[in-house]
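As written in Swiss-Prot, here are the features:
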type	residues	note
BINDING	260, 261, 262, 263, 264, 376, 380	CoA binding site
ACT_SITE	286	active site, 5-glutamyl coenzyme A thioester intermediate
């Protein structure tokens, strides 16, 4: 079906990409991201640098790509600018050293910002596909992300045609791109599993300048679901949701869940699946990770909408081998739809995300260690946290064997404000912040979520801090952080 396209090796295709090009990669997490071109671009960068020639690209993605891909590009000094999210230790180091400019963005907003030209033109899009048609139809793979927008906006398109993916993966896709304001219609999704688009992206076939054939799996996440800390946090989340059901604040049929990525979220989903009182439920999320596949198999999750399948190769193969079952139970959408505030609010999504630190008034820091060093980025947590029916943030109460408290007097960086964070949960307990004044919130967070070794300090801070509606001692508000920098421990 795609025989008219020019076949190239990855190294040949990388020659198309020039110094300072804006390059856009498909995918959302490692799912659906290019597998061959990142290494080829890094090789080209190394060759150019050895010849004393400049060569760096500006790189747009959906969310993260595989850490290995970002690492190889970072090691080759091949990236000068990056947005909107990353999980690579090598790239993170370059960002925090100031060697790479990084723009941290709400994931739902990236496509619109590109459409309005805020970042300039996309010179080359590198898109993983499962199939092509001569008329320019492109079928995507296990992660949709911003690929539809990249395909439409890019001047040139390089396709990685990945034969690893079952062609039926296209049955999971639901591709729709909202119009531009002020003539943007509502997105007619009234149920988590509603389909409103097509299974492919239609583009001008003349833009496809190369096809690189691959047969490579996604780099799946390895998660430790047996972590006792994660299990206790998960138990507390389930306890809270059961209480909400008992009080009639969650209906008997439950509400759609959004769950972020990582060990805590994976443990929460597993615990929800094990609890007999929690009814079968839907997901309206940005990623589907490992535990979701099992819950779809058992029927505990009756349907799941997301932008990607961030799962192991074994679980992805299980889905491909049982598409007659899974095709009606999974929908993959562009991230401006999976993370769309309008839909999140309409469906009454319960958002479950992890933070780095919280302050005693309920602000949350998801991105910057000690307020300065980027970890990964805000990702989609803000899209859901600001618009969900219930915004729940989770974290261990301490890190590094107690040297760091997750609960502090004032966050060193704020991604999510007190006006949106509804519930904070650690392994210590649950802080329901709804309807509480600032001082009530502070005492609730300290008593229920802070680790016992830090509670006395936090209570003393609150009692001694001057103020009116909110109490803060600006002379000592960051003493814990200063101690950490000076001694390696917040308590000094």
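Placed from the backbone N, Cα and C atoms, the Cβ positions cover glycine too.
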Using Cα coordinates, what distance in whole Å links residue 380 (CoA binding site) and residue 286 (active site, 5-glutamyl coenzyme A thioester intermediate)?
7
CB contacts for residue 261 (CoA binding site) [other CB atoms within 10 A, all chains]:
26
Would you please pick out, from the binding-site residues 260, 262, the one with the fewest other Cβ atoms within 10 Å of its Cβ?
262
I need the CA-to-CA distance for residue 260 (CoA binding site) versus residue 286 (active site, 5-glutamyl coenzyme A thioester intermediate), whole Å please.
8
For a quick check of understanding: among the binding-site residues 263, 376, which residue's Cβ has the most other Cβ atoms within 10 Å?
263
According to DSSP, does residue 261 (CoA binding site) fall in a helix, a strand, or coil?
coil
Around residue 286 (active site, 5-glutamyl coenzyme A thioester intermediate), how many other C-beta atoms are within 10 angstroms of its C-beta?
29
